[in-house]
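Worksheet for the structure shown next.
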Amino acid sequence: MNIQRETSGHIAAIVTILIWGTTFISTKVLLADFSPMEILFYRFLMGFIALILVRPNMIPFRNWRQELLFAGAGLFGVTLYFLLENIALTYTYASNVGMIVSIIPMITAVLAHFLLEGEKLRLTFLIGFISALIGLLLITFNGNVVLRLNPLGDIMAAGAALVFGGYSIFMKKLSAYEYHIIELTQRVFLYGLLFMVPALFLFDFHFDLSRFSSASNILNMLFLGIGASALCFATWNYSVGVLGAVKSSAYIYMVPVITIAASVLILHENMTWIALLGGALTLLGLYISELKPKAKLLENGCKMDA
């Protein structure tokens, strides 16, 4: 792989995670006036419009196989992931959801092992996963480990992790068609919004634009729609196409670390030594997961990846 291209893939993943790790601040503000379903719909509608304005060209229909991949990516990565996560939060503790969703990299690695060529599970990834998981446990429970299970909510959270892993597989397959990343993300958002429409009638959704008279609501929704949705899904999709589903997903380990840092810097919350240690172990896990396999020299002089 071209080093410059690989570096750009890592940078795209880091930019994505830096923004995703701070979205909780905007979501917290918006929840005072909007339901979770309303935030979800408006942010992706804004994101879709932004992508169309940036690049008006749309991918034409080619064949049903390709269209099913787009539909699957929209259903899994936009509609189901956020719906399942939001529903899970109403049935179980946020700490449970955070921990369960943090297994996305491992789920992605297992799915990629069986469904994608050239993306096999490696020992370094497993070691990195264990290190990151210990770190995330320290961050989430902060030394106060109390096992509080809620089967329905926890199953929903596990479902969210599973569908996001599936989304990465869909995006890796779609990257083979070499479409412009913005056009590709447009189509995924379009299907995500279409699949979201039935949910609008099932959940608490009110089409009340008066709430956008507040500058705070407008700015926070624009951040979620243009920054966290349009920009971040485009950069994430690019990263998956360049690095692969497994390497990209490992960056998800950073989300709780960034969330903790943002809480300290922006909300002036206290940082504990346990959370700091957890952050260090999580970043170590990410580093180990991203290590390249060493090349072994065969008897005939050819190289192979270990």
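Counting starts with 1 at the first residue shown.
Positions of Cβ are set from backbone N, Cα and C atoms, glycine also.
Taken from Swiss-Prot as is:
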- 18-141: domain 'EamA 1' (DOMAIN)
- 162-291: domain 'EamA 2' (DOMAIN)
- 11-31: transmembrane segment (TRANSMEM)
- 34-54: transmembrane segment (TRANSMEM)
- 68-88: transmembrane segment (TRANSMEM)
- 97-117: transmembrane segment (TRANSMEM)
- 123-143: transmembrane segment (TRANSMEM)
- 151-171: transmembrane segment (TRANSMEM)
- 188-208: transmembrane segment (TRANSMEM)
- 222-242: transmembrane segment (TRANSMEM)
- 248-268: transmembrane segment (TRANSMEM)
- 271-291: transmembrane segment (TRANSMEM)
Spatial neighbours of the transmembrane segment (188-208) far in sequence, C-beta under 8 Å, 6+ residues away: 35-38, 40-41, 44-45, 47-48, 51, 70-71, 73-75, 77-80, 83, 171, 229-230, 233, 237
Best-contacting stretch, by C-beta pairs under 8 Å, relative to the transmembrane segment (248-268) and drawn from 11-31, 34-54, 68-88, 123-143: 11-31
Range from 34-54, 123-143, 271-291 with most C-beta pairs under 8 A to the transmembrane segment (97-117): 123-143
Non-local residues, at least 6 beyond the ends, that sit with Cβ under 8 Å of the transmembrane segment (34-54): 27, 78, 82-83, 86, 89, 182, 185-186, 189-190, 192-193, 196, 199-200, 203-206, 211, 217, 221-222, 224-226, 228-230, 233-234
Top partner of the transmembrane segment (11-31) among 123-143, 222-242, 271-291 - counted as Cβ pairs under 8 Å: 222-242
Same-chain residues near the transmembrane segment (271-291), Cβ under 8 Å, at least 6 residues beyond its ends: 10, 105, 124-125, 127-140, 142-143, 247, 250-251, 253-254, 256-257, 260-261, 264
Structural state census, the domain 'EamA 2' (162-291) (DSSP three-state): 108 helix, 0 strand, 22 coil
